[in-house]
Amino acid sequence: MAEKLSAVKGMNDIAPPVSAHWEWLEDTLRSLMRRYGYRNVRTPIVEPTALFIRGLGEVTDIVEKEMYSFEDRLNGEQLTLRPENTAGVVRAAVEHSMLYDGGKRLYYMGPMFRHERPQRGRYRQFHQFGAEALGFAGPDVDVELIVMACDLWAELGLEGIELEINSLGQPAERLAHRQALIGYLEEHADLLDEDARRRLHSNPLRILDTKNPAMQAMVNGAPHLMAFLGAESLDHFNRLRALLDAQGIAYRINPRLVRGMDYYNLSVFEFVTTQLGSQGTVCAGGRYDGLFEQIGGKAAPAVGWALGMERILELLKEQRRLPEPVAPDAYAVIPDVSALSVAMPLLRQLRAQGVSVAMHAGGAEGMGSMKSQFKKADASGARYALVFGAQELEQGMVAFKSLRGDRAAETGQQLQPLAEVAAWGPGLRGF
Ligand code: ATP
Ligand code: MG
């Protein structure tokens, strides 16, 4: 036997029955987007590496050490499997002049790739669902996006997801804060871990986000960016807060909230839960007014968020909110291969009526015993077995046998005329 192959570490297969949970979550998301007027955009999974270097920033974790980058063997192009999709969506918006007639509300979903240490809630291929509002300066649309996420938690039945917000101000304000921050961190150089020392001059803001307990007290005392914000930035933030307050959306201001990409300014936010261990951020986003220009487009304000589908599904599981598996309406029991030519077209007609029917499939040896067929029918969870017995077929009939019998009228077996198949749909779909 040839050597067995397995999936790449940190990359998962999603198969039944779990894939049904994914489809349900995707359906819920699509329905929500439709109601908020966000439309689907699909961009390639592979992008030029330069898009992420320019878009996300050279000294971000993602660009420094998490990207799957490679050279196209055939033409030498530098390519990368997308680690996130905001840069790709903005590239597409610029390339196709999507903002020529005003703002656009877009959403995407699909796999992203980051070379991280695999653990619960952290994978190398993971899936994001993202919503982006391009061409709007906010803060109204920032709040729209936040509220949309809150609606999602409610529709999924999720509890205990908390909103944290912050403002990153504008680049000049960040620069002034950055200098003050570096000064403070240098004063406490003895407390910095290796990671922090490495980031001291490249990305000091990110040090505030450290998970190292030994550094908590020190970073708690660091200068807050909020204190460096000018009137306009503060006004944007205060208007955002007022709109959240007006809708009764609870939040916590987290002055240490920063994001992993360089492109953010003004509003940033995260939805966090304590129920997923250390990977508690389920959705994160913010405003990125500089990104269009950074990747070579005409300046345009924009804001968006992305949620981690695996983490949402994990939380749904934790809170027992995942839907029950959906069983077929009926299972076709075919005692003998000779019945197939009658049964198969009839099942097709049922499916055209919206009935879901699983057909018993046999093999070279025939269809298998009635006992084994009924066992499979039962296991399928179907409400009815449709039995295509030779005797019944001769009389132009099929037997409906109730497998669930939760109502008196449904127990036992009834014969239904084949000629009336066109009227079976509602009864079989029923309930
Ligand atoms: P973290 O701090 O957890 O690494 P991040 O800041 O890198 O998160 P974003 O790039 O903002 O995350 O991505 C948005 C969301 O995508 C995250 O909040 C999280 O739910 C999810 N996510 C990010 N990286 C991964 C991963 N490697 N595996 C699974 N989900 C992820
Ligand atoms: Mg990360």
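First residue shown is number 1, and so on along the chain.
Backbone N, Cα and C define each Cβ position, glycine as well.
Because TrEMBL annotations are produced automatically, they should be read as predictions rather than curated entries.
Database features (TrEMBL):
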DOMAIN    25-335  domain 'Aminoacyl-transfer RNA synthetases class-II family profile'
BINDING   Glu84, Asn85, Thr86, Arg114, Gln128, Glu132, Arg259, Tyr263, Tyr264  L-histidine binding site
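The structure, with features from TrEMBL marked on it.
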| residue | record | DSSP class |
| --- | --- | --- |
| Glu84 | L-histidine binding site | coil |
| Gln128 | L-histidine binding site | strand |
| Arg259 | L-histidine binding site | coil |
| Tyr264 | L-histidine binding site | coil |
Other CB atoms, at most 10 A from the CB of Glu84 (L-histidine binding site): 19
Neighbourhood of Tyr264 (L-histidine binding site), C-beta criterion under 8 angstroms, separation at least six: Leu168, Gly286, Arg287, Tyr288
Same-chain residues at least 6 apart in sequence whose Cβ lies under 8 Å from Thr86 (L-histidine binding site): Gly55, Gly130, Glu132, Met261, Tyr263, Tyr288, Leu291, Gly304, Ala306
Those binding-site residues in Glu84, Thr86, Tyr264 whose CB falls under 6 A of ligand 1, listed in sequence order: Glu84
Where the record names Glu84, Asn85, Thr86, Arg114, Gln128, Glu132, Arg259, Tyr263, Tyr264 as binding L-histidine, the maximum Cα to Cα distance in Å: 21
Residues that sit under 8 angstroms from Gln128 (L-histidine binding site) by C-beta distance, when 6+ apart in the chain: Glu84, Asn85, Tyr108, Met109, Gly110, Met112, Ala306, Leu307, Gly308, Met309
Chain-internal residues near Arg259 (L-histidine binding site), provided their CB is under 8 angstroms and they sit 6+ positions away: Leu168, Val268, Ala284, Gly286
